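Report on the following structure.
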Ligand code: MRU
C-alpha cells in the first residue's frame, strides 16, 4: 500500500457489514466524502453515476453490493434465496455495460452459491462474504504484480503519459496503469507523469492528478488535445493505460480517447502499454467490434462543468464513454501473469 494513499478508501464494507462504503469520486478533488450504500438501488446509482468507477472497483463494489443485498434476503428456502439473488444480479449487471469486471464479479458470486447449495441459507451468505473479500484481495495482489511486470519495461527518469484514471481510485491499492509509477516512486525512479484531462468527465484532471500529487509523484496535467504536442517535444517515453475489456484477439476497450493516444504513440514511435488484471480479459468476446460501448447522457458534454450551458439547446451530441484500441497499436498488454 502506498503510504500517502492509505487514508483513501475507494470501496469497502462498513464495520457492521450491512453497507458498502465508497469515496464519492464525482466530488473529488474538492471534497473527500464517503457515502454508505445500503440497497440495490443505492449500489446501481453509485456505479451508473460514476461515484465509484474504474473497471476493477466497479467489480468489487458489485461483489460487496450483492453480498449486502443477499444478506438481507429473509428466507430459509434455497430456491427463494437463489431466485432473489439472480434478480438482484441482473439489476446490478445493467448499471454499466463495457467493463467486464462488473459481470465477472457477479458471476463469481453466483458460482459460489451454486458450489455451496447444499448448505443452509445463513451459511451461503457467509460464503458470499468470503467470495467478495477474495475478489478484493486478489485484485490488490494482481495490481502489485502488474506494477512489477510494468516497471521492468521502464527506466528511471522516463516521461510517461496516462489517460483517464487507472490508479488507486479505480482499483485496490496500486492501481493498474499507475502501479509501475507507484512502485517506481517507492524505488526512486523519478518518473515524470503527464495526465490527460480526459473529457468529458475529467477523470484524469480530477482523479489521476489528485492521487499522484498526494503520493508525491511529479505529475503535469494536460488537455486531451495536447498529447501530440508533448510527444513531439520528446517528453514522453511510454504510454500506460488501463482497460475495461480485453477481447480474445487483443483489442482493448478503455476510456474514450485512448485509441487516439495509441495512434499518436505509434506515429511518434513511443511504446503503448495496456495494463490490467487477467480478470479483464474476456475470452467470450472475439474482438473489439463485439464489445458493447456505453453511451452516456449528452448533458455530460453540453452542461457539466461550468454550471452553465456550453452548447446550443437541442444540438446533437455523441457521447461514447469508451473506445477500442486495435491490437496492432498495442506494444504489450501487461497483466499480473506477465507481458503479452
Ligand atoms: O468511466 P470510467 O471512469 O469508469 O472509465 C475508467 C477507465 O476507462 C479505466 O481506464 C479502466 O476502467 C481501467 S481502471 C483500472
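Cβ atoms here come from the backbone N, Cα and C positions, even for glycine.
Per TrEMBL, the candidate among 145, 203 that belongs to the substrate site alongside 53, 54, 55, 96, 254, 255 is 203.
Among the recorded positions listed here, namely 53, 55, 96, 164, 55 has its C-alpha nearest to that of residue 244 (active site, proton donor). Counting only the Cα atoms, the space from residue 54 (substrate binding site) to residue 164 (site 'Transition state stabilizer') is about 9 angstrom. In the vicinity of ligand 1, defined as a Cβ distance under 6 Å, the following of the recorded positions 54, 55, 96, 244 are placed: 54, 55, 244. Other than 53, 54, 55, 96, 203, 254, 255, the residues of this chain whose Cβ falls within 8 Å of the Cβ centroid of the substrate site are, in sequence order, 58, 99, 164, 165, 166, 170, 242, 244, 321, 322. The substrate-binding residues named in the record, 53, 54, 55, 96, 203, 254, 255, extend over a maximum Cα to Cα distance of 17 Å. Cα spacing between residue 203 (substrate binding site) and residue 164 (site 'Transition state stabilizer'): 5 Å, rounded to the nearest whole number. If you draw a 10 Å sphere around the CB of residue 54 (substrate binding site), it holds 30 other CB atoms from the protein chains shown.
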